[in-house]
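Per TrEMBL, transmembrane segment is recorded for 91-110, 122-144, 150-170, 190-210, 216-233, 240-260, 266-285, 297-317, 329-350, 371-388, 424-442, 448-470. The domain 'NAD(P) transhydrogenase alpha subunit C-terminal' annotation in TrEMBL covers 97-180. Annotation comment: TrEMBL describes 215-667 as domain 'NADP transhydrogenase beta-like'.
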Amino acid sequence: MAPVEKQFGVDLEDEVVRGSIVTYAGSILPPAPRPAPPPQPATRKKEDAALSADAAKMELTPFQKVSREVATVTGGMGTALALGKFTGPLFMSNVFTAGLAGLIGYRVVWGVTPALHSPLMSVTNAISGMVGIGGLFVMGGGYFPETIPQALGALSVLLAFVNVSGGFVITKRMLDMFKRPTDPPEYPWLYAIPGVLFGGGYLAAVSTGMAGLVQAGYLVSSILCISSISGLASQATARAGNSLGILGVASGILASLVAVGFSPEVLAQFVGLAGIGGLVGAVIGRRITPTELPQMVAALHSVVGLAAVLTSIGSVLADIDHVSTLHLVTAYSGVVIGGITFTGSIVAFLKLSGKMASKPLAFKGRHIVNSSLLGTNMALMGGFISMAPGAPLVAAAALSASTILSFIKGFTTTAAIGGADMPVVITVLNAYSGFALVAEGFMLDNPLLTTVGSLIGISGSILSYIMCVAMNRSLTNVLFGGISSPTQAQSDHQIEGKITKTSIEETAETLANAESVIIVVGYGMAVAKAQYAISEITRMLRAKGVKVRFAIHPVAGRMPGQCNVLLAEAAVPYDIVLEMDEINDDFSDTDVTLVIGANDTVNPIALEPNSSIAGMPVLHAWKSKEVIVMKRGMSSGYADVPNPMFYMPGTKMLFGDAKTSCDAIQHALEAHT
């Protein structure tokens, strides 16, 4: 230990010696400086450079980008011109409403922070419960329905209120998880004041005349629903947005009740249906856990789809001899869209809840079957429209057959999609539920339904786009096929190196000695329910002065934003949970990256143009000074592509269940202190 041979001494310049003693020559020494981290392996630098060069080749040129934009604008203007030429003023008025609402919705939804995409789906689910407004215009009788159309309308209202109540309760629970102890107090009960004042003033104004009041109610409802989604732009305003959504739906229902003008008996029937549906929805919303959110969202989508089917059929049967062609076309469209949404959502619910095998239900000729079902739907539409005025029974039979075919198509299409693609399926079904409302709005010439339907349809479409881009796959590829073989030559990337295993104790030691840590979480965390142990690990590391942050990939979890909600449930501060684009450049300056339950989303082979996942945005975890990956085994991810990061010199593998491993790391850190 001495600088001079054969003499005993203490060399304070020696890193090992200096880090091992706390006193010297009767004095207490200050803490030893941390040694500089080892240089990044040369092989990794070469791989990073090669991968970056490959990624640059795949970018669009400026001309290609502008050409696509010009083609989109040209197509939109041409479509508007064609619609104006071959349709009438009433239809174009609805198109005008849908177009403006869609444009506003497009801007608003893109402003929603990705961490709140799960609450976005939940609140749009609740708003889509306004599908029951169509049922209001169909229901009737006395205290009970007296005809089949009236019964269909009543059932639609009942189902719609399950959706409204359950959706808003679930949204509130999710948003409350993001609330921090240091946040200023909130007073959500104050939002009851504008609700009571508007409701009282509205009813008082109705008693003196109806001119313009229904449209005023629709306007208020539409603006409040748009503001509800706009509130999700940040966690600080999200809970206020949920309150605005409740006000918006309530205002729309009030205006619709006034527009219908129910007798006291039918009004009592409505109150009973709304009360039962609302109670059922509230109970469901209170009982589910955050881990069960994806399947519950899918279940609520099915409710909207069925309600749209019932309303569309009821509106036609109520007076089939005097229904306009526009009404027939839009009602038929509502049945088809609603039917596919209904059974498709049920299949998604069963797969997500584990009650149905998650693997794709592939059978020979399924594309031919689905195409035939859609073609038959279109053929029946012609018969339905042409036969409705003179042969209502034939038209009713055609509508019934189309309903059954839509149910079958929803099942066959969704069952053929694997469980790993269910996040995209949920967002697509969310869009379908919105488009079902649009069809209902056209059918009833109701601007409120057209507006909120466009808003929800755009929301689901944008989320679907985000998810598909995050997987570098087209929507048609997700819905009608799996990951196809690349058309180009197979990747020539050769995986070199060997697996380096690590232990719980070594992992805990590495984390405790790091200055900065990024935790990448994926679907494995959600399945193992490891969020609470991860939260404790984060708390202990931050208490030691370690800078800890989380990296979330857009397709992590089983629905957009699910991992954010799970971390919020475990009290992880949302300001240290970052999206891929926010944190990807920071990996190279990070000491340790801990990957928990993620595979394809951290695969550097995605940067190679010839790989089957080429172009898929990934988290650059391999650029960290050290990477620790938690996995059950060495199986590939859903894309079935090997991950070279696992073999890199700076990567260590910690095998085992995510929750068990995280619990063990937590205990090791406690012992370390």
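Think of each number as a place in line: the chain as shown, counted from 1.
Including glycine, each Cβ sits where the backbone N, Cα and C put it.
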Highest-contact recorded stretch vs the transmembrane segment (216-233), from 190-210, 240-260, 371-388, 424-442, CB pairs under 8 Å: 240-260
Chain residues outside the transmembrane segment (150-170) and at least six past its termini with a C-beta under 8 angstroms from it: 122-123, 125-141, 242, 245-246, 249, 269-270, 273-274, 276-282, 284-286, 288, 293, 296, 300, 303-304, 306-308, 310-311, 313-314, 317-318
Feature contact check the transmembrane segment (266-285) with the transmembrane segment (448-470), CB under 8 Å, 3 or more pairs: no
Close approaches to the transmembrane segment (91-110) from elsewhere in its chain (Cβ under 8 angstroms; 6 or more beyond its ends): 80, 83-84, 120, 222, 226, 229-230, 326, 438, 441-442, 445, 447, 450-455, 457-459, 462-463
Segment-segment contact (the transmembrane segment (424-442); the transmembrane segment (122-144)) at 3 or more Cβ pairs under 8 Å: yes
Winner by Cβ pairs under 8 Å against the transmembrane segment (297-317), considering only 122-144, 240-260, 329-350, 371-388: 329-350
Other parts of the chain folded back onto the transmembrane segment (371-388), taken as Cβ under 8 Å at six or more residues beyond its ends: 316, 320-321, 323, 325, 328-329, 332, 336, 394-395, 398-399, 401-402, 405-406, 408-409, 412
DSSP helix/strand/coil residue counts for the domain 'NAD(P) transhydrogenase alpha subunit C-terminal' (97-180): 67 helix, 0 strand, 17 coil
Beyond the flanks of the transmembrane segment (240-260) by 6 or more, those residues with Cβ under 8 Å of it: 119, 123, 126-127, 129-130, 132-133, 136-137, 164, 168, 171-172, 175, 186, 188, 191, 194-195, 198-199, 202, 206, 210, 213-214, 216-218, 220-225, 227-232, 267, 270, 448, 452
For the domain 'NADP transhydrogenase beta-like' (215-667), mean pLDDT (0 to 100): 87
